[in-house]
Amino acid sequence: MTLVTEEDRCQLAAPGSRDSSLEYSYDCRSKEDFVESMEPAPFGLMEPPRRSRGRLLMHATLMFGREFCYAVEAAFVTPVLLSVGLPRSLYSLVWLLSPMLGFVLQPIVGSSSDRCRSRWGRRRPYILALGLLMLAGLTLFLNGDAVVSAIVKERTLKRTSAIVVVMFGVVLFDFAADFIDGPVKAYLFDVCSYQDKERGLHYHALLTGLGGAAGYLIGAMDWGHSALGVLLGSEYQVIYFFSALTLGIFLAVHLFSIPESPLVQVVDSDLEASMRLLGSHASGGVYGALPKDTPPSHEVRARSFSALGEANAVTPSAKQPNKELDTAACQAQD
């Protein structure tokens with residue numbers, strides 16, 4: 001074996017020789033191509049399938065319904081509160097209660113949603129519950145005065161009850177409408193791939209703007225003297241009819257837009273994948289390592305001292321110099 005000193009220069013092997021370097025092909029595809037062709041990874045981490053444009057639009061329709069009702073509330077909350085006799089000093093309290101409830105309950109709701117094991121999935125049960133709370137708050141907000149007037153006959157009690165019911169409806173609607181945005185976004189991120197997340201958020205933003213515009217447009221019309229206003233009784237009932245119909249339809253469309261796997265199935269698949277990865281002691285493998293494939297028997301040569309002797313004869317080492325080189329050196333000295 002010859003040692004290379006500082007005076008010796010390293011030379012590249014000639015093309016075609018046994019010592020020439022190996023060539024490796026490099027795939028220059030883009031990041032999106034790698035994401036689309038991603039295979040299931042260990043522990044069950046798998047890229048969701050691509051979703052169609054129709055599915056993503058169905059998923060975003062709930063944002064249209066939510067913003068539609070938001071616009072209706074913003075346009076009519078002051079007239080309704082004034083009509084029931086709410087003091088001006090309590091206006092700020094109505095808007096303050098919902099953010100305070102969100103500050104306290106938002107982490108609790110988000111954590112419970114992450115651990116939900118419903119067969120509907122982790123997000124859709126909470127979206128359904130919050131959507132129903134929005135409908136309940138909208139009902140109390142726009143119809144509270146009429147309901148209280150039909151039940152309570154005493155004037156002072158009627159006024160106080162109407163204020164309490166309408167305020168509770170406003171707070172309940174704001175609470176549910178603010179909370180529902182988190183599960184909706186998490187639902188999108190759980191069931192969509194990288195590209196579909198971007199497209200889904202674009203559709204959410206588009207339908208959010210359209211829903212707000214439609215809500216303000218409906219609120220700007222004079223429904224009190226229309227045929228629908230005469231049929232339903234008042235302008236507030238007409239606005240409630242359009243709001244409840246829009247939110248109810250788009251909530252149902254959203255819930256059936258994209259299938260969602262229950263958390264139990266996800267945990268089971270993760271456990272199965274991890275067991276395949278780690279192996280078991282019973283099979284003779286090493287815990288925490290991938291099982292090694294044993295080469296075919298005809299390719300493995302039994303290690304013996306004769307094989308080592310042949311290897312040393314072919315490849316001389318520093319401890320066992322080549323006899324031919326030693327003989328040539330002795331003849332040169334003579």
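Any Cβ shown, glycine's included, is placed from N, Cα and C.
Those TrEMBL annotations? Automatic predictions, nothing curated.
The model shown is predicted, which means the values in this text are computed figures rather than measured ones.
What TrEMBL records for 89-105 (among others) is transmembrane segment.
Within its own chain, the transmembrane segment (126-142) has Cβ neighbours under 8 Å at 62, 66, 69, 72-73, 76-77, 80, 109, 112-113, 116, 120, 165-166, 168-177, 179-180, 183-184, 187, 236-237, 239-240, 243-244, 247-248, 251, 254-255, counting only residues six or more beyond its boundaries. Positions annotated as transmembrane segment by TrEMBL: 126-142 (among others).
Taken from TrEMBL, the feature transmembrane segment covers 162-180 (among others).
Taken from TrEMBL, the feature transmembrane segment applies to 201-218 (among others).
Within its own chain, the transmembrane segment (238-256) is flanked in space by residues 58-59, 61-62, 64-66, 68-69, 72, 76, 124, 127-128, 131, 134-135, 138-139, 142-143, 184, 215, 218-219, 223, 226, 228-229, 232, which lie at least six positions past its ends and keep a Cβ under 8 Å from the stretch. According to TrEMBL, the feature transmembrane segment maps to 238-256 (among others).
The annotation region 'Disordered' is assigned in TrEMBL to 312-334.
Under 8 Å from some Cβ of the transmembrane segment (201-218) lie the Cβ atoms of residues 56-57, 59-61, 63-72, 75, 184, 188, 239, 242-243, all in the same chain and six or more residues away from its ends. Note on the transmembrane segment (89-105): residues 77, 81, 167, 170-171, 174-175, 178-179 of its chain, located 6 or more positions outside it, place their CB under 8 angstroms from a CB of the stretch.
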